[in-house]
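I am attaching a structure below and will ask some questions about it afterwards.
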Amino acid sequence: MASLDRVKVLVLGDSGVGKSSLVHLLCQNQVLGNPSWTVGCSVDVRVHDYKEGTPEEKTYYIELWDVGGSVGSASSVKSTRAVFYNSVNGIILVHDLTNKKSSQNLYRWSLEALNRDLAPTGVLVTNGDYDREQFADNQIPLLVIGTKLDQIHETKRHEVLTRIAFLAEDFNAEEINLDCTNPRYLAAGSSNAVKLSRFFDKVVEKRYFLRESNQIAGFPDRKRFGGGTFKSLHYD
Amino acid sequence: ISTLISESIFFLLQVLFFGFGWLFFMRQLFKDYEVRQYVVQVIFSVTFAFSCTMFELIIFEILGVLNSSSRYFHWKMNLCVILLILVFMVPFYIGYFIVSNIRLLHKQRLLFSCLLWLTFMYFFWKLGDPFPILSPKHGILSIEQLISRVGVIGVTLMALLSGFGAVNCPYTYMSYFLRNVTDADILALERRLLQTMDMIISKKKRMAMARRTMFQKGEVHNKPSRFWGMIKSVATSAPGSENLTLIQQEVDALEELSRQLFLETADLYATKERIEYSKTFKGKYFNFLGYFFSIYCVWKIFMATINIVFDRVGKTDPVTRGIEITVNYLGIQFDVKFWSQHISFILVGIIIVTSIRGLLITLTKFFYAISSSKSSNVIVLLLAQIMGMYFVSSVLLIRMSMPLEYRTIITEVLGELQFNFYHRWFDVIFLVSALSSILFLYLAHKQAPEKHMAP
């Protein structure tokens, strides 16, 4: 049963944004009754029908790795977390719609996870600053989810949603905004459910069906010239 | 005119302290959170500003800035404001924010926070009974009553922190106590962690598939407490749900194990970093300081024991005693009055600055360790309360380090407090705290290497 068969998706974000509630909702279709602090990493499994409704439909297990902590943790905690970032097939970035800082921290989160994957020699690729080109070349599918939508007042909704749209564009990712305590946001057939399904389909596709262009899932294509001059220096 | 200038300087300094508190709050404490309630930030900065003003007044006393009556007036006013904040405002807001977090009580927030505040006042008042702090001839709401109680809490806090700090400082600085950690140890632990995660995943896969088949067959699975569902499952003998609970228990145990392994790995990484740090120049310097501090710590514990056993309270402050020694034994003659003023100023200044800095650093570390986005407001207010009480009691205790002529203002303003009691209380708590920290660190140190030796 090996790790060759796994489809691994990381769920990253600041503490308190609702990652555990989200993962519980995605995997067990229920609302999490008593959310508590996540220490280390908690995993859950979602059964996903790839290409649902078509003749090529196949069932996959998608592992959702909910990594706890904050971007400002001590470097010893960061080094320990790094062990979870190996061979990742997709990343879900979670932020709190009521807390601007959690959205800004998503850049640092994605860098932390992507750097671990892109630098097998252990050398840090950037000094931690946001580099748009890195995301343009990134092969790992990203999804941005905003939580606590119910706590945003009607009048502020437009402003918040515009800001989030920019954020999702930066990551070249889809975005979903919901409330983890209300399953109707992910009801079958809603646009959110469709986006989610599409994301997981993309993850499975990249993992199993596009093996020819990547040796190990997650490395960028070497034939690219644009952007990422950093990264090409590290491969040989 | 000169009074106008000095008053305006005074006011300016206060605004400066307020600004510093504000910046500290924004840049250090709340750098990962969004400030939604500005009240919290204002309260924190105001507490900080008025506490620093007290220290500033002590310095002014030594240097002779402003005239004596205006100093006295400022003291009284400052003290009243600080007590107002510490006893009325901050506890009320702490209660208010705690109640706001609880969804049930959201509607009648004000009522419940008033109730909480009244409970706090009751216990605060009862605090005064077992201690011989006051003579009964003072009224109920006088400054002396409030200060005495605030003083007890603050001195206890100071002594606890000092005791722990005095023991922890050499322990952290000296590399003698560092456990030997190799890369192989870390790799082995990481492998175990990933293996545990794999086991959890395989069990969860079984559970997810079982749930899906049960759902497709139309069985009730998500609310095991549903009466009809239970009857149905017993009647139709579905093995699915029983298996699920068994597997869930195994998963819970494995998850607990994974948490432990994660924390141990983080611990090993931290130790490895410390080992590398100790090999650098800075690390060696701190190691040397550690030896020095351990001697200082032992001396302090010794002095505290002597003070308690022989029931002795120092009569003269270190400055005057130092000057006496130099004049009498070393025969060096100099202008006592002039030098005592300047040396007291420097000594007191150093004590103030290091205690403020030490407290702010400790508060920040504490805040990062325990706060989350829900409780951040409450914790910051608690920290503001601790900070205010700490500073008020520092003023009480600093009196001992000042020569007689400068002590008078504190004695005048704070009234007839039994200052000796506070010093004795400080020594007792310091001793208790230092000894229990030694015990605690010894146990923690002993336990750790055995954990990692296990196969």
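Placed from the backbone N, Cα and C atoms, the Cβ positions cover glycine too.
What TrEMBL says about a protein is an automatic prediction, not a curated fact.
Look at TrEMBL and you will find B:6-26, B:38-63, B:75-98, B:110-127, B:147-169, B:288-310, B:343-368, B:380-402, B:422-443 tagged as transmembrane segment. The domain 'Golgi pH regulator conserved' annotation in TrEMBL covers B:142-207. Look at TrEMBL and you will find B:277-446 tagged as domain 'Abscisic acid G-protein coupled receptor-like'.
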Answer yes if the transmembrane segment (B:380-402) and the transmembrane segment (B:38-63) have at least three CB pairs under 8 Å among residue pairs 6 or more apart in sequence, and no otherwise.
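They are in contact.
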Which stretch from B:38-63, B:147-169, B:343-368 shares the most C-beta pairs under 8 Å with the transmembrane segment (B:288-310)?
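The stretch with the most contacts is B:147-169.
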Where among B:38-63, B:147-169, B:343-368, B:422-443 do we find the most Cβ pairs under 8 Å to the transmembrane segment (B:6-26)?
B:38-63
With DSSP helix as H/G/I and strand as E/B, how many residues of the domain 'Golgi pH regulator conserved' (B:142-207) fall in helix, strand and coil?
59 helix, 0 strand, 7 coil
Averaged over the domain 'Golgi pH regulator conserved' (B:142-207), what pLDDT does the prediction give?
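Across the domain 'Golgi pH regulator conserved' (B:142-207), the average pLDDT comes out at 82.
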